[in-house]
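> This is the feature table in Swiss-Prot:
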TRANSMEM  46-69  transmembrane segment
TRANSMEM  135-158  transmembrane segment
TRANSMEM  175-199  transmembrane segment
TRANSMEM  273-291  transmembrane segment
TRANSMEM  330-353  transmembrane segment
TRANSMEM  369-395  transmembrane segment
TRANSMEM  417-439  transmembrane segment
TRANSMEM  517-535  transmembrane segment
BINDING   Cys559, Cys568  [4Fe-4S] cluster binding site
TRANSMEM  575-596  transmembrane segment
TRANSMEM  643-665  transmembrane segment
BINDING   His654  chlorophyll a B1 binding site
BINDING   Met662, Tyr670  chlorophyll a B3 binding site
BINDING   Trp671  phylloquinone binding site
TRANSMEM  707-727  transmembrane segment
Amino acid sequence: MASRFPKFSQGLAQDPTTRRIWFGIATAHDFESHDDITEERLYQKIFASHFGQLAVIFLWTSGNLFHVAWQGNFEAWGKDPLHVRPIAHAIWDPHFGQPAVEAFTRGGASGPVNIAYSGVYQWWYTIGMRTNQDLYTGALFLLAVSAVALVAGWLHLQPKWKPSVSWFKNAESRLNHHLSGLFGVSSLAWTGHLVHVAIPESRGQHIGWDNFLTTPPHPQGLTPFFSGQWSVYAQDADSSGHLFGTTEGAGTAILTFLGGFHPQTQSLWLTDIAHHHLAIAVLFIVAGHMYRTNFGIGHSIREILDAHVPPAGRLGRGHQGLYDTINNSLHFQLGLALASLGVITSLVAQHMYSLPPYAFLAQDFTTQAALYTHHQYIAGFIMTGAFAHGAIFFIRDYNPEQNKSNVLARMLEHKEAIISHLSWASLFLGFHTLGLYVHNDVMLAFGTPEKQILIEPVFAQWIQSAHGKSLYGFDVLLSNAASPALSAGQSIWLPGWLDAINSGSNSLFLTIGPGDFLVHHAIALGLHTTTLILVKGALDARGSKLMPDKKEFGFSFPCDGPGRGGTCDISAWDAFYLAVFWMLNTIGWVTFYWHWKHLTLWQGNAAQFAESSTYLMGWLRDYLWLNSSQLINGYNPFGMNSLSVWAWMFLFGHLVWATGFMFLISWRGYWQELIETLAWAHERTPLANLVRWKDKPVALSIVQARLVGLAHFSVGYIFTYAAFLIASTSGKFG
């Protein structure tokens, strides 16, 4: 008999219903639950899959480079980055009539194309690429790297090349290699690329495979390095009149600390970026020699953790027992990694616009908006994932004996206090913020706007002033002419920084007022509520007063049967599921805020945000409704335009989003009846009844239907906002 899907679970493979297919897909990556899995095979499978992931990433980035080189306008864009629209790739669509062909033929192309809003043009230009040949070379190189990654993944599944479990659990060696090798050496290599290729290219000197070994990046070569006169590398920086990519106004410095932005490109100075990466490299290469491995020198992580016992004994055993708990739990490690990655991704969103690293990115408003929104959504999904795997850790891997009275055990002991404090913070933020918004709404509706309650964010303004923003008139730290901090930095980074922070033409420390105060607290409400749901889900994953034996039921269960009331919807999976809605809701507010504030700044109309953002009707009318007009006009009586595709995506996104509710609100019985009715009709219809299922059709389980509903809700929500964001921004700024 041929083996049926899924091969990894004989129990499921023998299921006579369509449940076999859905549960098979749902558990395909839950290696721990598969038949005949051993700890060794588990680690090896995950290790090999990492190479597969890398292969996919390199293939994808190779495709980006290839399509821009083949169908884009990279060389034309490089000659005039502010006026030529960058092309991502051509569009071939047999449905296009003449109006569509004309609408989508842009950027100097001969046929319909997509415009790139990803920032790759700015990135490739900044790092020294200038020709299509450069792009093709990069695409080919990444294709080769992708192939190597695939072979490596296959190789590490072969008997001779399978690493042992002890190798995977050698935490000190892994940390040393990742710190020194992954972060340290790659940062050093990137510094090398910036100094040897990107900086000379930014000064109009072409560096290629033919001359990079013979062209020193600094007139004095390595002499200052070996003679200890490192400051020579910072002398003669590019002038403020430097034209990027040309010799005009170019200097010779390679490692600087200028602060602020290049006046023409509005991006960070390349020589500052190189200096930053060099510092990071030194730091991480040193850090990668910290932990004790073969030579008996350096720190032992186990000893460090075991020594972390709070004094006076009032706070338990501190970090004792954590080494084995973390080292033996893949879910704990994944939770930590996801939490870190989530924070970093959100930081990328924040820094991409406030300190733009790529030349001319600051002038490409749609790309800035797209990059901010993209990174914030990714961060949200990654962070919720951290808590999901934290909850799975508590269910599958946590050992109370190993963790007696340490920090993990005490978290569980104090969970009521933790959860109730979070709940109190969420309630306080929610009622007060909504109360202020609604009060202001009513005052506007009654024609007495002067009766609004408007609170200046004085603490935030004070912090901005401390960093040198002089607008608010606080006489503090870098806003105080007599401050020692001010005089100490005058010779290096401060003048550039102070120019930038007090310039009205960038997004560094935006001017804030009562509208910002309110939306900040709305976002704080969203963050605290999301965290409340996630933390409660993880801390109650093993059991609660209502259901002390919860961990016996696993991560996701719908209920414990009809005979035990109150056990529905309380699995750790359900907490994750609910938290994702709150996460999406919160990031909605974050991106609305960012986008509207920037639209008004870019249009030179900051007063609109300041005046309309203090009441809900202002957000609905002056942000959402006003900026959706381009989308609504994508199709009109006069034909179509280049925003039509976004208008269609806006509608399609709403459709997908609404479909989610069909799964979220109607449950198994409804679907089971519907399916049985359809099957009955099918079996009694001539011709149709010649086709039979092997599996008996059954409705999705409650948990699965929720997942399908959540997936549609999330995808529809993001599609809708992406279309709105790109159309409303590109419609205004071209």
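Quick reminder: no glycine exception, Cβ is built from N, Cα and C everywhere.
Burial and contacts for the listed features, if you can.
Listed as Cβ neighbours of the transmembrane segment (330-353) (distance under 8 Å, sequence separation of 6 or more from its ends, same chain) are residues 42-43, 46, 119, 361-362, 368, 371-376, 378-380, 382-383, 385-387, 389-390, 392-393, 396-397, 507, 594, 598.
If you look at the transmembrane segment (417-439), the same-chain residues 6 or more away from its ends with a CB under 8 A from one of its CBs are 411, 452-453, 455, 518, 521-522, 524-525, 528-529, 531-532, 535-536, 539, 614-616.
For Cys559 ([4Fe-4S] cluster binding site), other Cβ atoms within 10 Å of its Cβ number 16. Taken residue by residue with DSSP, Cys559 ([4Fe-4S] cluster binding site) is part of neither helix nor strand, so it is coil.
The list of residues near the transmembrane segment (575-596) in space but at least 6 beyond its ends in sequence, with Cβ under 8 angstroms from a Cβ of it, reads 353, 369, 372-373, 376-377, 380-381, 383-384, 387-388, 391, 516, 519, 522-523, 526-527, 529-530, 533-534, 536-538, 540, 609, 613, 619, 622-624, 627, 706-707, 710, 713-714, 717-718, 721, 725, 728-729.
Look at His654 (chlorophyll a B1 binding site): DSSP puts it in a helix. Counted within 10 Å of its Cβ, the other Cβ atoms near His654 (chlorophyll a B1 binding site) come to 15, all protein chains included.
Secondary structure at Tyr670 (chlorophyll a B3 binding site), taken from DSSP and collapsed to helix, strand or coil, is helix. Cβ neighbours of Tyr670 (chlorophyll a B3 binding site) (same chain, under 8 Å, six or more residues apart in sequence): none.
For Trp671 (phylloquinone binding site), other Cβ atoms within 10 Å of its Cβ number 17.
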> Are there residues at least six beyond either end of the transmembrane segment (175-199) with Cβ under 8 Å to its Cβ atoms? List them, or say none.
126-128, 207, 212, 217, 254-255, 270-271, 273-274, 277-278, 280-285, 287-291, 293, 301
> Please figure out which one of 46-69, 273-291, 707-727 racks up the most CB pairs under 8 Å against the transmembrane segment (643-665).
707-727
> Can you see whether DSSP assigns Met662 (chlorophyll a B3 binding site) to helix, strand or coil?
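For Met662 (chlorophyll a B3 binding site) - judged by DSSP and reduced to three states - the answer is helix.
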> For the transmembrane segment (46-69), could you work out the same-chain residues 6 or more beyond its ends whose Cβ comes under 8 Å from its Cβ atoms?
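Result: 31, 87-89, 116, 118, 120-121, 124, 132-133, 135-136, 138-140, 142-143, 145-147, 149-150, 152-154, 156-157, 163, 168, 330.
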> List, by number or range, the same-chain residues at least 6 past the transmembrane segment (135-158) whose CB is under 8 A from its CB atoms?
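Residues 44-45, 47-52, 54-56, 58-59, 61-63, 65-66, 68-69, 74, 124, 129.
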> What residues in the same chain, six or more past the boundaries of the transmembrane segment (707-727), come closer than 8 Å to it by Cβ-Cβ distance?
26, 117, 366, 369-370, 373, 377, 577, 580-581, 584, 588, 591, 595, 627-628, 630-631, 634, 643, 646-647, 649-650, 652-664, 700
> CB neighbours of Met662 (chlorophyll a B3 binding site) within 10 A?
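Excluding its own Cβ, the number within 10 Å is 14.
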> By a simple count, how many Cβ atoms lie within 10 Å of the Cβ of Cys568 ([4Fe-4S] cluster binding site), its own Cβ left out?
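For Cys568 ([4Fe-4S] cluster binding site), the count of other Cβ atoms within 10 Å is 15.
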> Looking at the binding-site residues Cys559, Cys568, His654, Trp671, which has the shortest Cα distance to Met662 (chlorophyll a B3 binding site)?
Trp671
